[in-house]
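What Swiss-Prot lists as FAD binding site is 3-17.
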Amino acid sequence: MQITILGSGVIGVTTAYYLAKLGHEVTVIDREEGPALETSFANAGQVSPGYPAPWAAPGIPLKAAKWLFQKHAPLILRLTTDPVQYRWLLQMLANCTDSRYKINKTRMVRVAEYSRDCLIELRKDTGIEYDQRSQGTLQLFREQYQLDGIGKDIEVLRQDGVPFEVLDRDGCVNVEPALAHAKDKFVGGLRLPNDETGDCFKFTNALAKIAEGLGVKFRFGVNIKSLLMSGGKISGVETSEGIVTAERYVVALGSYTPALIKALGLNAPIYPVKGYSITAPIVDESRAPVSTVLDESYKIAITRLGDRIRVGGMAEVSGFTDDLPAARRATLDLSVTDLFPGGDLKAATFWSGLRPMTPDSTPIIGGTRYDNLFINAGHGTLGWTMACGSGRLLADLISGNKADIRADDLGIARYN
């Protein structure tokens, strides 16, 4: 089949790769001049299938109220006049219950674990390189109450068969030796040994080259205007370079997905949650991380990417903004200086990206009420973690193949 994919982030490119492997003729369209130049460009770098946890969780409303008055809060709420923002926030609040948390986390772990397996298989098949490491993730707790409160997460990990270790201070230092100088800054940690790290931008560009070798065509610098309909199905994509037609269409536009499909009567409650990162060259190996360390207090991930440290995180609900506030940079600097002062922060680059978040933190993967229109979007902070699994899953669904994992609860129908 001829299939057009809208979006060349890590989700769009992995989808293109898996569709091409199944023999389809694939074209990818994007407004940027190359792959992964928006949200996939400088994310935190961790592939954490065992760590996914919904932002909508019991206790989050109270925590969010407290964070409003903190200088280095992990969540920043900047209200706008957009009613979409208020509706999304109300939907998120509705998911802050014990029952919804368990359902949503189980969905997330299912997709993420499958995606990690797909990534490993892809790596074996292609030999792709992207500064990858397979040395686990350490969630670091600065306060005892944080360590004492991981019972629900451990319950879900056990239920889903995800290996984990609860570590004391010495155990944390054993897996991340550079923490020896900061033992007074934390009380313990939760380690997920099967997690990985890697540069999402490098991966996406390398996979795009591989996909081109399989026949995928990329059309960059092309603005997507609208989806055209005829006879109850999608008949084409109106772009700045004319109308593009295909047999099947995939929308993988992250936070911009809702605007494109709204005219079709489809509701995708995906809202941009802004994240920040800095990337610094390593100047002191003894004070740099081995893999990824998650600073629970600031919701920040500190990741080793080759000879660089990537520090990323926070969640800012402020709409489609691209500013780089000094206060956000200060929070990133504070966390990494506290724990891993081995990077040259004076030489660091500062970046922000709009992470496409659903109210239940679960991505939208699957078909729509239009037989030839599919969606792969809304992965929030876990686009890199879930990319390969999401791409392969959707490729199987489009091709009519039996999916490797349950997919019926991942589609847009749960909102419409």
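Sequential numbering from 1, following the chain as shown.
Note: Cβ is positioned from N, Cα and C throughout, glycine not excepted.
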What three-state secondary structure does DSSP assign to ILE3 (FAD binding site)?
strand
Close in space, distant in sequence - VAL13 (FAD binding site), Cβ under 8 Å, 6 or more apart:
VAL28, PRO35, ALA36, THR204, LEU207, ALA208, ALA211, GLY391
Number of other Cβ atoms within 10 Å of the Cβ of TYR17 (FAD binding site) across all protein chains:
24
Using a 10 Å cut-off, grab the number of neighbouring Cβ atoms around the Cβ of GLY7 (FAD binding site), all chains included.
30
With every protein chain in view, what's the tally of Cβ atoms within 10 Å of the Cβ of ILE5 (FAD binding site), excluding that atom itself?
29
List, in sequence order, the same-chain residues at least six positions removed whose CB sits under 8 Å from that of THR15 (FAD binding site)?
ILE5, VAL250, ALA252, ASN376, SER390, GLY391, LEU394, ALA395
Within 10 Å of its Cβ, which one of these binding-site residues (ILE3, GLY9, ILE11) has the largest number of other Cβ atoms?
ILE11
